[in-house]
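**Q** Let me give you the structure first, and then I'll get to my questions.
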Amino acid sequence: MATVTFDSATRIYPKSDRPAVDGLDLQIGDGEFLVLVGPSGCGKSTSLRMLAGLEEIDAGSIRIGDRDVTDAPPKDRDIAMVFQNYALYPHMTVEQNMGFALKIAGVPKSEIATRVAEAAKILDLEDYLGRRPKALSGGQRQRVAMGRAIVRSPQVFLMDEPLSNLDAKLRVQTRTQIAALQRRLGVTTVYVTHDQVEAMTMGDRVAVLKDGLLQQCDTPGTLYERPANTFVAGFIGSPAMNVITGPVVDGGVRLAGAVLPVPRERLLRAAGDGGRVTVGFRPEAVELAPEGVPVVVNVVEQLGSDAFLYATLGASDDGDVLHTADLVVRTEPRSAPAVGETVHLRVREGGLHVFDPVSQQRID
Amino acid sequence: MTTLASAPEQTATAPAATPTRTRRRGARKVTSAGPLTHVLLVLTAFLSVFPLYWTAVAASKTNAELAGTPPPFLPDADLFTNIGRAMEEAPIGLAIVNSVIVAGCITVGTVLCSTLAGFAFAKLRFRGNKTLLGLVIGTMMVPTQLAIIPLFILIAQLQWVDHLQAVVLPTLVSAFGVFFMRQFLSQALPDELLEAARVDGASTMRTFWSVVVPVARPAMAVLAMLTFLTAWNDFFWPIIALTSENPTVQVALAGLGGGYVPDTAVIMAGTLVGTLPVLVVFVVLGKQIVGGIMQGAVKG
Ligand SMILES: Nc1ncnc2c1ncn2[C@@H]1O[C@H](COP(=O)(O)OP(=O)(O)OP(=O)(O)O)[C@@H](O)[C@H]1O
Ligand SMILES: [Mg+2]
């Protein structure tokens, strides 16, 4: 077991002018399950591959435990990796696949057999040990890939979207199983996904990346409660947080002719630029009220337990709304308004996030 | 935690129930052929086998019998007599041994070197990769004839004339083989598989033997077959570098049935004997060319 430290680690691919990972700083605790999440192309896989030693590090350093592994080859890092497409050796049986690393390390045959059998038992693969990968289902292959990693008892597990090739239902089940297994083994794990639900449910902490830059690294709860900027605010949570920019008026921000109250001291700090402020509120932090910001309902989505309203800000004669995104509002399914109706919104106590309209950073 | 997988198992198999039917119907379409296809296949097979059969027929007749109308279509018991005569006229036995050695060495050398080089060109990052590959491919455009004289001078200086290494060494690796293996590996061998091996602690050489070669096996078999055939049938360079004292099969055959009127039966008998080892190689290697070896390596 070990900690993992990224120290301003940077990767610039050859013939590329922009770093794929730019000065990444991360401290991952011993036994921690850290999830790297972000949109496609944000540098998640690159970060993981830098840690694995499959990608050069152009600046900064990476440490596993107290050891600087910046220039160490993968085999000297004591890590095991689960690939997105599993990368099982096609000509080897499940047993040989799982035992390959140990065989190379010169572990005696009998010990390999014991350790493979142990891993097979944990993953319920005992009946498939003699099979080749092509005779396995997607879920079984995924487990073999996991088995190949745990057999080695490495210092760190690295997983790059290991569930993305499974169907939705299997993915949900396997997700909890991987998280449980990791907690049981207590091995430091870095897990890459682009699915924020996966990130929130599995990670002890979640690191959000965008364009190679770390946006925020925190517990799922904090990411949800206190997103550091509008990107994280929009990325974490489903449906996404509503983020709107409007002009500052006395006591709040004016949206569609109505005033959404914003605490005074936050308003003052935000209103540097031309008297505007960006506010955000989650669909579940809003309620319908007799008075408030008027919106026109476009679509009502009934999910049984909830209903989601997709709405646009109501007409306002002074054209003061600078950011006219669709708003999403969660309501009681039974009292959901009809399409075309105008309703008034109020943000619940503590449900309002304030951001600087220029830097997009959170203001508390 | 032992239940870790039993649950997903069910979901993995359950939804398969519906698609099986369509899939099976699709499979039948691929595996079963109509009557027309069968006729065509029989015809093709017949056309392919006929020359060999005719060789056997001709090898068992005399010149006069062959010239008759209609030509004979059934072999004769004279076949073995004619084979015996051919063996007397030229050292066919020695020639076959020589050819097996020559073609065998060339095949092993070419397949090994081509796979190694093809792997390096396809998957390893090194400076000048593209330029070197271009250079290798470029050598394919140089005609063999152009190299013959300098090559002969070299061989003569080494005093290798009439020695087998004179035939083996110049063709121990082929540009075509390198290119062929590179194309196959760059497409059939996923990078992740190599990365997995690296993370598992395998050195490049270990990865080559344990991961690359098994994946490359079908292409290696194809290359081996082509190389063996080319080497076995090569005539131009062997007849320059070797003599009838220590010939390969093709060189020995060239000396058969000579005289005022060529003795077709003896030539054909020699040819027949000289062809049999090639057939054996085909049967053995054909089994290696099994498609779909990569199935299941990556993706679900
Ligand atoms: N081998 C490469 N050469 C050049 N650029 C690359 C290479 N691999 C990735 N990139 C670039 O680096 C950036 C980050 O890629 P990376 O694979 O880390 O993204 P990702 O976050 O894993 O995305 P995804 O969710 O789609 O897998 C992308 O802009 C990509 O185009
Ligand atoms: Mg990726």
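Glycine too: its Cβ is placed from the backbone N, Cα and C atoms.
Found this in TrEMBL, in case it helps:
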type     : residues  : note
REGION   : B:1-30    : region 'Disordered'
COMPBIAS : B:1-10    : compositional bias 'Polar residues'
COMPBIAS : B:11-20   : compositional bias 'Low complexity'
TRANSMEM : B:33-54   : transmembrane segment
TRANSMEM : B:92-120  : transmembrane segment
DOMAIN   : B:96-285  : domain 'ABC transmembrane type-1'
TRANSMEM : B:132-158 : transmembrane segment
TRANSMEM : B:164-181 : transmembrane segment
TRANSMEM : B:208-232 : transmembrane segment
TRANSMEM : B:265-285 : transmembrane segment
**Q** Hey, which bits of the same chain come close to the transmembrane segment (B:265-285), Cβ under 8 Å, at least six residues off its ends?
**A** 52, 55-56, 58-63, 66, 78-79, 82-83, 85-87, 89-90, 92, 95-96, 99-100, 221, 224-225, 228-229, 232, 249-250, 252-253, 256-257
**Q** What same-chain residues lie close to the transmembrane segment (B:92-120): Cβ under 8 Å, and 6 or more beyond its ends?
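**A** Residues 86, 126, 136, 164, 167-168, 171-174, 177-185, 189, 208, 212-213, 216, 220, 223-224, 227-228, 231-232, 238, 246-253, 270, 273-274, 277.
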**Q** Using a Cβ-Cβ cut-off of under 8 Å, list the residues of the same chain that are 6+ residues beyond the ends of the transmembrane segment (B:208-232) and lie near it.
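**A** Same-chain contacts beyond the ends: 99, 102-104, 106-107, 110-111, 114-116, 118-119, 123, 171, 174, 177, 180-181, 184-185, 188-189, 193-194, 197, 202, 249-250, 277-278, 281-282, 285-286, 288-291, 293-294, 297.
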**Q** Report, as numbers and ranges, every residue of the chain located at least six residues beyond the transmembrane segment (B:164-181) whose Cβ falls under 8 Å of a Cβ in that stretch; write 'none' if there are none.
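**A** Residues 98, 101-102, 105-106, 109-111, 113-115, 117-119, 121-122, 133, 136-137, 139-140, 147, 151, 155, 158, 216, 219-220, 222-223, 227, 231, 234, 237-238, 241-242, 246, 248.
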